[in-house]
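Pulled from TrEMBL:
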BINDING   A:G43, A:V46, A:N50, A:S274, A:N306, A:L423  Na(+) binding site
TRANSMEM  A:37-54  transmembrane segment
TRANSMEM  A:66-88  transmembrane segment
TRANSMEM  A:109-137  transmembrane segment
TRANSMEM  A:191-212  transmembrane segment
TRANSMEM  A:224-251  transmembrane segment
TRANSMEM  A:271-288  transmembrane segment
TRANSMEM  A:300-321  transmembrane segment
TRANSMEM  A:411-432  transmembrane segment
TRANSMEM  A:453-478  transmembrane segment
TRANSMEM  A:484-507  transmembrane segment
TRANSMEM  A:528-547  transmembrane segment
TRANSMEM  A:577-602  transmembrane segment
Amino acid sequence: MKLKLPNPGLDDRIPSHTELEELQAGDRPQWDNKAQYMLTCVGFCVGLGNIWRFPYLCQSHGGGAFMIPFLLLLVLEGIPLLHLEFAVGQRLRKGSIGVWRSINPYLTGVGIASMLCSFVVGMYYNTIMAWVMWYFFNSFQDPLPWSQCPINDNKTGFVSECARSSPVDYFWYRETLNISTKIEDSGGLQWWMVLCLIAAWVVLWVCCIRGIETTGKAVYITSTLPYVVLTIFLIRGLTLKGSVSGIVYLFTPDVDELMNPSTWLDAGAQVLFSFSLAFGGLISFSSYNPVHNHCEKDAVIISIINGLTSIYSATVIYSIIGFRATEKYDDCLARNIMSLLNTFDLPEGNITESNYDEVFRTLNSTNPETIQRLNLTSCDMKTFLSEGVEGTGLAFIVFTEAITKMPISPLWSVLFFIMLFCLGLSTMFGNIEGCVVPLQDLNILPRTWPKEVFTGLTCLGSCLIALIFVQCSGNYWLALFDGFAASIPLLVIAFCEIIAVVYVYGIDRFNEDLKFMVGHKPNIFWQATWRVLSPLILLVILVFYFITTVSKKLTYIVWDPESPVFPTLAQVTYPDWISGIIFILAGIPCLAIPGVALFMFISKRCCKKDRHYMEESLNTISDKVPVSVATSD
Amino acid sequence: MWTVWTVWMVWMVCLVPTTSEALCTEDDGYKVRLSIKTALGGDAYEWNESEMFFFKATLAFAMRTYSGGEQYDVSNILVCDETLRVSFVFVVTKPSNTSELVPRTEVENAIKKSRHRINSAFLLTDQTLDFVGINPTLAAPIQYDTPPWLIAFGVVMGLVCAGIVALLVSTFLNKKRSKKSADEEEAGRGNGILCESIRGKDGLFNQGLVDDDRLTKL
């Protein structure tokens, strides 16, 4: 397919092959070694989603059978897009705005949309880091504060909200978030959360203060420590009772789920979001590489590492969840047995776990009214295994509860939250890169200002706006942002990226570039996926995602002690003005793409008279003589 | 004489238990449940007469401690309704008058006061030695002067701020140093390009213009 959209002046905007060959470092940062680059990319891709989104998807979409759509879409969608971003960054040697502006000035909107997405996602992602830090700080005590309920004022019993739910729920919803009952009740800022938020942004700033010069050192720890901790937890988990039942539950295949289209949709979305594509960070990181870096190999290696990490962490998480479910089941059964023993005055040891059902049936047939009055809760392993195992609920409720049941709980708690913090921090490096470098490219602030100022201003600005998330209603705002700001815009940007490179830049020119950089033309797999398969898959996912988002009712779940379904979260409809907020979050990045194109078109038409030769694109070639001759029009 | 004595003995033997049975009801006393196997597992001891005697003695001790020395004895603790569960009902009679019961509230307070001692005597806990109706007083959670999380927060923030200061200072010093060396190299700057960067490219010394002066010196 030789479809190519007209694109005049491309050669003037991008460095030619000979220029790339003679390129010296200049003022563009460089990686100290290949390991830093790989660790940074792996850290950016491997994030909290691998820990708390993938295991849930795996378990809810047919266990082992979910591997099929996941791995298939990884190969057809993830790897090609990753290779594309790496190659584009390495070839054009700019951040996301610079790259799209070089390909065609009308596409600057793609870069701006990437920057906005990076900014918004970075803002709420670091709030989750603040929550992780809060739990980390609270792990340095024995017993852990979420292992027992606080006592009420007249010392007769536990606080009612805690007694009706559980100590972990209470610690999360009341002592951490101090959550309100609906999104309109802002409730004011929570001072302890503000402190943790400031801590999270300051730690981030110290790590990325000078760009990759500092993050390149930080990733040696933040990218490797999670794997160490996961292995420790795996070993610990496998020695606990009931862990294997969790792993079995996770991977038990249910092939019927493959017929369900939402399985494929979720797999595709997970692959895309898991690879942190369309944020612009990967393009930036790749642009600091030497010209002849083997980006094809890098893309494949990083994709494989990301996929394997997802599966590995799912195993670890579910071994611990299996342990927790078994403990809860045993507790439930022990309570029921004690109830029966007490009511019927039977000696201890008459009813055990093995003969419980039998004895229960006998007693039920002989004394049905007594049994009825006892109100025994039925104990079901499956319910315990499938409750609350996604998102913040997994990390802050389910896993913390499992930790309290292990011996030496503070140690496991510290390890777990350090791991979560490292995972999130390495992802934040990519987000900051995706914000700061476009900001520099846009020339809003003078270029002579040091990088520290850019990173500092970004961190400060994000921290101030993120104060929304540390109010009482903060968690509801975060869920809103997570649902709308990070899904549809990214799909749109990714789709535009691949269309831009293949059809505006030209797949032939791109193949030539890869031949120049890597040594051989990309083979038929890359051609097929770049030209047809990946854009098609992205389009299908985008359309379906859009339809499901637009057609679903605008509801959210709240923690309301007064509600009849407490302690289950109650479902409430959003207020009307939320649609405006959703439009701003999801619409503005998407509309930035055509909007900026239109703006550039109009400004070009009306300012044609006093247009000077644009010399910006040549600045990065440091030893090229700057042409300051004004061509008269 | 003998017959009178025998009749009296029989009457005593029959009556005393009935009298004590009449006193021992759940409404006037408390039901106790012991879950020895749950608490001790393999080390569980057998519940027998001696253990029951020990329990009565412990209760008598609790009553003595609460009442401040009144001579309660094992015989003042009456037990009935024993089951295989290991549960029974007990009442406490006054030492001065064995047919009068100590009020429930007094018994409750006495047990609450010595609860820990009673539990330890039997190697059980508040949950496994259950006095039905007497709720265990909850242990107050540990109160810290400074919450531990603030200490951890302070340590981390201190380290991070030290790091930021160090990095900013080193940037500033680097800038000063490079500015000094840049001033020294100002002479070597042509039209904005550092001489070093074009040194190897036939640009600094233009080989095209042959330096004839050296050769053509007459």
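Using N, Cα and C of the backbone, Cβ positions are placed for all residues, glycine too.
Shown on the structure are the features that TrEMBL records.
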{"residue": "A:G43", "record": "Na(+) binding site", "Cβ contacts under 8 Å, 6 or more apart": "A:V219, A:T222, A:S223, A:S426, A:T427, A:F429, A:G430"}
{"residue": "A:V46", "record": "Na(+) binding site", "Cβ contacts under 8 Å, 6 or more apart": "A:S223, A:P226, A:I305, A:N306, A:T309, A:L423, A:S426, A:T427"}
{"residue": "A:N50", "record": "Na(+) binding site", "Cβ contacts under 8 Å, 6 or more apart": "A:S274, A:N306, A:T309, A:S310, A:S313, A:L423"}
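Fewer than three CB pairs closer than 8 A are found between the transmembrane segment (A:484-507) and the transmembrane segment (A:453-478), and contact between the two stretches is not assigned (pairs 6 or more residues apart). Listed in sequence order, the residues A:V42, A:F44, A:C45, A:G47, A:G49, A:T309, A:S310, A:S426, A:T427 complete the 8 Å Cβ shell around the Na(+) site centroid, once A:G43, A:V46, A:N50, A:S274, A:N306, A:L423 themselves are left out. When Cβ atoms from all protein chains are considered, those within 10 Å of A:L423 (Na(+) binding site) total 28, not counting its own. Only residues 6 or more beyond the boundaries of the transmembrane segment (A:411-432), in the same chain, are considered here, and those with a CB under 8 A from a CB of the stretch are 40, 42-44, 46-48, 50-51, 118-119, 121-122, 125-126, 128-129, 132-133, 135-136, 139-140, 144, 203-204, 207-208, 215, 218-219, 221-223, 225-226, 229-230, 232-233, 236, 276, 279, 281-282, 285, 395, 399-400, 403, 455, 458-459.
Within the same chain, the transmembrane segment (A:453-478) stays apart from the transmembrane segment (A:577-602): fewer than three Cβ pairs sit under 8 Å, each pair at least 6 residues apart. Other Cβ atoms within 10 Å of the Cβ of A:N306 (Na(+) binding site), summed over all protein chains shown, number 24. Within 10 Å of the C-beta of A:S274 (Na(+) binding site) we count 23 further C-beta atoms, all protein chains included. Counted as Cβ pairs under 8 Å, contacts with the transmembrane segment (A:300-321) are highest for A:37-54 among A:37-54, A:528-547, A:577-602. Residues 31, 125, 128, 212, 215-216, 219-220, 222-224, 226, 270, 273-276, 281-282, 285, 288-289, 298, 301-302, 305-306, 309-310, 313-314, 317, 390-392, 394-395, 420, 423-424, 426-427, 429-430 of the same chain sit 6 or more residues outside the transmembrane segment (A:37-54) yet have a Cβ under 8 Å from a Cβ within it.
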